[in-house]
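Trainee: Structure incoming, see below.
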Ligand code: NAI
């Protein structure tokens, strides 16, 4: 449960709503009923109504949902209506791939990339020069950082996470395959692609034997 008493399952579904509504908007769809949305998203219409009722509803009896309004409201709930600054620590394969990805689309702006390897110093990734990790503390103290992305080897991840907390970072997007030891004041989201792949492997091997749909989503 979140502080507002909203279940984490509901919160996990919000980005999917946002994505589907964004696609509807691109296709110039003005309004949609919860039934139509449910068919597209493969969740029940009552699930959609229940989920959105957590935030006040947004729908009108007999009209359904106004797509643009709902898209914007869900965006606000997710904090996507403002620019959020992000830094990346660990400018190896994954760090560089993430830096090159267009997170601006959802309001996240990479403003700093840091590494410990002097050979990477000054190399530009997506227009941002990699800085050395000893400049990190000063950078954090002089910039407003909303999210720190951790793409360093496992052995160094916990130490860096503790430093990030000490320097005031309150949201860590962790790709290192280890649990970070930070206080409850710090939000951590772990991303483990290999776990997703393992689930796919299980589902593939057990297809036809289970009741649930195999079209699952990360974090389901
Ligand atoms: P990589 O070896 O290409 O990059 C790691 C970078 O971190 C290197 O440039 C290294 O110099 C830097 N580094 C090491 N210690 C540091 C420190 N104390 N401060 C700053 N930078 C430091 O490795 P790759 O492939 O980019 O993977 C990075 C991390 O992401 C690893 O922990 C890996 O296991 C993990 N990973 C996670 C995935 C996921 O799905 N969660 C997928 C792929 C990788």
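Cβ atoms here come from the backbone N, Cα and C positions, even for glycine.
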Trainee: Looking at 16-55, 56-95, I want to know which stretch TrEMBL calls DNA-binding region.
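Mentor: Residues 16-55 are the ones TrEMBL records as DNA-binding region.
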Trainee: Enumerate same-chain residues with a sequence separation of six or more from residue 94 (NAD(+) binding site) and a Cβ-Cβ distance below 8 A; give 'none' if the list is empty.
Mentor: 151, 175
Trainee: Counting by DSSP secondary structure, give me helix, strand and coil numbers for the domain 'CoA-binding' (79-179).
Mentor: 38 helix, 29 strand, 34 coil
Trainee: For the binding-site residues 90, 92, 95, work out the Cβ neighbour count at 10 Å and name the residue with the minimum.
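Mentor: 92, out of the binding-site residues 90, 92, 95, has the fewest neighbouring Cβ atoms within 10 Å.
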Trainee: What are the other residues, in sequence order, whose C-beta lies within 8 angstroms of the center of the C-beta atoms of 90, 91, 92, 93, 94, 95 at the NAD(+) site?
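Mentor: In sequence order, the nearby non-listed residues are 88, 96, 97, 98, 115, 151, 152.
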Trainee: What's the number of neighbouring CB atoms sitting within 10 A of the CB on residue 91 (NAD(+) binding site)?
Mentor: 25
Trainee: Given the model, what does the mean pLDDT over the domain 'CoA-binding' (79-179) come out as?
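Mentor: Computed over the domain 'CoA-binding' (79-179), the mean pLDDT is 97 on the 0 to 100 scale.
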